[in-house]
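Engineer: Supplied in structure tokens, the structure appears directly below.
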Number of protein chains: 2
Amino acid sequence: MPKKKKTKDPRKEAKKKLVEFGSEVLESIKKTEPPRMKVPSRSTSNILYDDKNRFYTLGEKVGTRTAANMRQVKKFAQTMCAAEFCRSLIDADKTATLREMYYTSEGWETGGFSDQGRSDKVVEDLESAFGVKREDLGLLPEEDGASIFGELVVDEGGMEVNATEAGRAGYTIPPTMNDVEFLECDAKKVLAVETMGMYHRLVQEEAWDQFDALVVALKGQPARATRRFLKRANEELGLPIHLFTDGDPFGFHIAMVVISGSAKLAYINHELAVPDAKFIGVTASDIEDYDLPTDKLRETDVKRLKQLLDDPRYSDDTWQSEIKKMLKIGKKAEQQAFSKYGLDYVVNEYLPSKLS
Amino acid sequence: MPKKKKTKDPRKEAKKKLVEFGSEVLESIKKTEPPRMKVPSRSTSNILYDDKNRFYTLGEKVGTRTAANMRQVKKFAQTMCAAEFCRSLIDADKTATLREMYYTSEGWETGGFSDQGRSDKVVEDLESAFGVKREDLGLLPEEDGASIFGELVVDEGGMEVNATEAGRAGYTIPPTMNDVEFLECDAKKVLAVETMGMYHRLVQEEAWDQFDALVVALKGQPARATRRFLKRANEELGLPIHLFTDGDPFGFHIAMVVISGSAKLAYINHELAVPDAKFIGVTASDIEDYDLPTDKLRETDVKRLKQLLDDPRYSDDTWQSEIKKMLKIGKKAEQQAFSKYGLDYVVNEYLPSKLS
């Protein structure tokens, strides 16, 4: 059962910020001063690894957008239109994809963006300027969230969903993850796996029952909604999060994005990163200990592993020695490789050993 | 409600074929004759467009595999092992991914495949030799099926799932689509859309209710399970299938793979193709009539469109004239482009007009 309840409605909070922004702009205009907006810099030099919180965050650098600058005036006006679009979404209790907002902008007085990259950047401006997530602004990525199977009951705006009764393919996390309320949870941990193949294996072998776990399919690099789910499951339900990925640089990256967030999303990692999540994926030692079928490291794998050695997120001893060992043996292995020993080996041998 | 009930259990049928195959091999050995296996050729020259059935199928060419040929003996033995693996899956009522079978083969007496492409080919051999789907052999792709929202209740091995109560992200079609039983269906049609963005739009605007439709997200090129679902919804539930894709060569391809099947899967199209499915995606005429935001056709788009003009699946007058018009205007448009006129325009204007 929930350890901690959500208290604030994040969409209401987001609207408040937008309305404040509008009022400030209006005040400036009344005083015949050019309206301004302060936006934290998202440039590489302002992305810092926060040792205490154990994730990337933005530093102190802040830029100022002003309608007084001819080069910025169109973008400033488009930012106002985007803020107004988001406010109308919140008022109507609707959501839109980033792509829909991009097309909607074709109808704005300011003219459209001519390239979605630009409208997405304006959304990032709003997120980092006001410290809110795009989801709270009503803007959603297109991508699916993870699939979940296990003893969890949620409420989605009045619709009660039991994650053992939504089909074998599981309950799919909606992009509107923040509106989902946790009603009941009998699971004791989260077992998040990289591939749908492993997900179906664990569901079929009833690993969710055996390990008292919510089995979660990350589907490769996890979507924002998935990361938000893992964060909330950890904080609100008090569940430890275990990450079972392939034993290769991409698998390590997938796990680390959950644990420490990505540099690109430094402005929002405090809502997404799960610093206490544990990596239980395939390591170079596992490759040797279990004599797993492997593939040779490619040149890009080697390059990537060497980068990880210098990445602050991988600075602890275990990561350092496992990455070095992988470089030494020159091999990688996938999580499904355990089926060499039978389809249920991963459930009967590997996971119990890793989880203990 | 179901128009036509499934009668045969396809997994039992598949097992029967496998056991027959084993018996034949045994008989040959007893007679000291080299065991053989006839496999329809899947080479390009044997893939024919069937005008009557309106999909690609295999021609008459058949190859013979024999254990008497030194070059074929290992592959023949591996095919036997794969057949035995599938039989054991059926007996245990389990499934495995193609990747798991590939790794399992590392433990076979014959030795493994050293490359998944080879084990996948052996699976295709079994499918085409015995006229069964890999799903019926217990072998699954990793990919997710589509998401469905609407008035449909299914049974998945004792678990009853209502596709209006599985969350906003919908009921996800499992890779084991063939084991799903349709219990109840109040929808009158299927509205299948290319992107998750459009899916969420239609769910949010309650288009499933307005149009009495099952809203189905194809998620780009549809998975085999999705195509099987559409085929079964059409045949067993008697629902007309409408395909709403982007207005570009890839969108046309996505629709046509549902309608006429792909050449690559010619050996199994009779189980997947839905020749009566209707294309209601964005056309060159729509781009003009609705004055949609567009992108310029790329060189690859132009090349692809010209190929479509010569493809028998696009031979009817409407396709021919729309493809020619798109080449002439040199533009393409996405399904979300209608949001230029507001988020609900697609539901209030475009779809009613296309469906009538």
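The backbone N, Cα and C atoms fix where each Cβ goes, glycine too.
Pulled these from TrEMBL:
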- B:74-138: domain 'Spo11/DNA topoisomerase VI subunit A N-terminal' (DOMAIN)
- B:Tyr103: active site, O-(5'-phospho-DNA)-tyrosine intermediate (ACT_SITE)
- B:142-186: domain 'Type II DNA topoisomerase VI subunit A all-beta' (DOMAIN)
- B:190-355: domain 'Topoisomerase 6 subunit A/Spo11 TOPRIM' (DOMAIN)
- B:Glu194, B:Asp246: Mg(2+) binding site (BINDING)
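I'm curious about the neighbourhood of these features; can you describe it?
Structural biologist: Shown for the domain 'Spo11/DNA topoisomerase VI subunit A N-terminal' (B:74-138): DSSP residue counts in helix, strand and coil, namely 47 helix, 2 strand, 16 coil.
B:Tyr103 (active site, O-(5'-phospho-DNA)-tyrosine intermediate) is surrounded by 25 other CB atoms, counting those within 10 A of its CB over all protein chains shown.
Away from its own ends, the domain 'Type II DNA topoisomerase VI subunit A all-beta' (B:142-186) comes close to residues 1-2, 6, 10-11, 95, 97-99, 133, 135-136, 192, 196, 199-200, 202-203, 208, 212-219, 222-226, 228-229, 232-233, 236-237, 239 of its chain (Cβ-Cβ under 8 Å, at least six residues beyond either end).
Within 10 Å of the C-beta of B:Asp246 (Mg(2+) binding site) we count 23 further C-beta atoms, all protein chains included. In the three-state DSSP reading, B:Asp246 (Mg(2+) binding site) counts as coil.
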Engineer: Using all protein chains in view, find how many other C-beta atoms are within 10 Å of the C-beta of B:Glu194 (Mg(2+) binding site).
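Structural biologist: Other Cβ atoms found within 10 Å: 27.
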Engineer: When DSSP states are grouped into helix, strand and coil, how many residues of the domain 'Type II DNA topoisomerase VI subunit A all-beta' (B:142-186) land in each?
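Structural biologist: Counting residues by DSSP class gives 3 helix, 20 strand, 22 coil.
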Engineer: What whole-number Å value do you get for the CA-CA distance of B:Asp246 (Mg(2+) binding site) and B:Tyr103 (active site, O-(5'-phospho-DNA)-tyrosine intermediate)?
Structural biologist: 38
